[in-house]
Amino acid sequence: MLALFRTQPPAFRMIFMLEVWERFGFYTVQGILTLYFIRFLGFNDSEAYYTFGAFSALVYGMVALGGYLGDKILGTKRTIVLGLITLALGYLALALVNKEQVFLALGLVCVGNGLFKANPSSLLAKCYEKNDPRLHGGFTLYYMAINLGSTFALFIGPALASSLGYAYAYFISFIGLVLGLANYWFQHQHVANINTNADNKTIPFVYWCFVVLGIVLATLIAAYLLQHVLFAQSLVWLITAVVVAIYLLYMRREDKRVCIRMLVALVLMLEAIVFFTLYQQMPTSLNLFAVNNVRPILLGITLDPQSFQALNPIWIIIMSPVLAMLYHKLQQRGLAFSIPYKFAVGMLCCGLSFTLLYFARYLHDNGGMVSSWWLVASYFFQSTGELFVSALGVAMVAELVPVHITGFVMGMWFLTQGLFMTIN
């Protein structure tokens, strides 16, 4: 595995660690948010589901805008830093605010994620030449960074929330983002020569004032939408329609060969919506299934039921280098499979994960509880499927889409992860 890391571009290590710390902060919040709504804000299960769905939809619904800002206005690197700062402030606010101000803090998190999320992937894509054989393996390893951060988060977050309180868990998220900023500051020389046209421009002070004003307004709007779930869902669909229309306009400007590749990318994004609709059961229905219907004992160790969510990133960490090495070996033998084939395998794995849980219902004890090993096996297939779909989605964009709109289309890809929350 270390050999695979060494073959990646120099910027890979910096972007890898950037993603580790950012995802640590985000998943610390996501892992406890549903029960936070129930136990701290007094929501019932249905209200918690819908509010979490609105939060997830907004988190990813704003990503296309962040990608566009990175491509065309602020530059990829400046947008990354701005997103990290905004997220850090959002997590700090969650640690400090009272019940009446929670949605303002969550709104700030939505905006920060929108600014940040598409741009590290876009920056990494620019490190590879077209048809670079390292691309699929590199993005699979990059996806491992996401899950390294989330693994620690899904153990630490619930433990802190239950022992010390939610404020301490949110403050740890803030610390994670500070470490992410420090990582960028000390290693930014690795991406000094990787620029979009916007990166090469000087941004006037008055433009920065407009950017800050835009963040404040977007935070207020997001806070309002989080309290009006149906309106938030409708807005995400409207954003999706606008983004797809812009994408189709970009397609019309390209020659036939590029247009066909972009059409393939669009079809794969539609397929991904189905995958993510199933995937998002982990922090919602599967989390409550673990709390209410699974014996929380694994290898003789009693666990916090919420920590079963950590099985997902653990399997990702185990399987990422396995698949990256498999891609490398197949590439050497001329047997590399295209991304559409890999997406199909991912969907099959996802289906198997839920089929296992269907059969688990026949093997419960008198209290309605089942063995935790059913979750272990289900998460294995779900996580392996994730590596074939979600991990390669960003590689798919880098491979099929023209470089001058990479950030925007990365945002469009992540928008598919918000769109499913309006379906759930």
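Positions of Cβ are set from backbone N, Cα and C atoms, glycine also.
Automatic, uncurated: that is what TrEMBL annotation is.
Quick look at what TrEMBL lists:
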- 20-42: transmembrane segment (TRANSMEM)
- 48-68: transmembrane segment (TRANSMEM)
- 103-120: transmembrane segment (TRANSMEM)
- 141-161: transmembrane segment (TRANSMEM)
- 167-185: transmembrane segment (TRANSMEM)
- 205-225: transmembrane segment (TRANSMEM)
- 231-250: transmembrane segment (TRANSMEM)
- 262-279: transmembrane segment (TRANSMEM)
- 308-327: transmembrane segment (TRANSMEM)
- 339-360: transmembrane segment (TRANSMEM)
- 372-398: transmembrane segment (TRANSMEM)
- 405-423: transmembrane segment (TRANSMEM)
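Counting Cβ pairs under 8 Å that are 6 or more residues apart, the transmembrane segment (48-68) and the transmembrane segment (205-225) reach 3 or more and are in contact. Counting same-chain residues at least six beyond the ends of the transmembrane segment (372-398), those with a Cβ under 8 angstroms from any Cβ of the stretch are 121, 124-125, 128, 135-136, 138-140, 142-143, 265, 268-269, 271-272, 275-276, 278-279, 282, 286, 290, 294-298, 303, 308, 311-313, 315-316, 319-320, 323, 339, 342-343, 345-350, 352-354, 356-357, 360, 363, 406, 409-410, 413, 416-417. Taking Cβ pairs closer than 8 Å, the transmembrane segment (167-185) reaches residues 14, 17-18, 20-22, 24-26, 28-29, 32, 80-81, 84-85, 87-88, 91-92, 94-96, 149, 153, 156-158, 160-161 in its own chain, all 6 or more past its ends. Highest Cβ pair count under 8 Å relative to the transmembrane segment (103-120), across stretches 20-42, 141-161, 205-225, 262-279, 339-360: 205-225. The stretches the transmembrane segment (141-161) and the transmembrane segment (339-360) are not in mutual contact, being linked by fewer than three Cβ pairs under 8 Å (pairs 6 or more apart in sequence).
Long-range Cβ contacts of the transmembrane segment (205-225) within its own chain (Cβ-Cβ under 8 Å, at least 6 residues beyond either end) map to 54, 58, 62, 74, 82, 86, 103-104, 106-108, 110-111, 114-115, 231-232, 235. Under 8 Å from some Cβ of the transmembrane segment (339-360) lie the Cβ atoms of residues 136, 264, 268, 271-272, 274-275, 278-279, 289, 370-371, 374, 377-382, 384-389, 392, 395-396, 399-400, all in the same chain and six or more residues away from its ends.
Sequence-distant contacts of the transmembrane segment (308-327) (same chain, six or more residues past either end, CB-CB distance under 8 Å): 1, 4, 27, 31, 136-138, 140-141, 143-144, 146-148, 150-151, 154-155, 282-283, 286-287, 290, 294, 296, 336, 372, 375-376, 379-380, 382-384, 386-388, 391.
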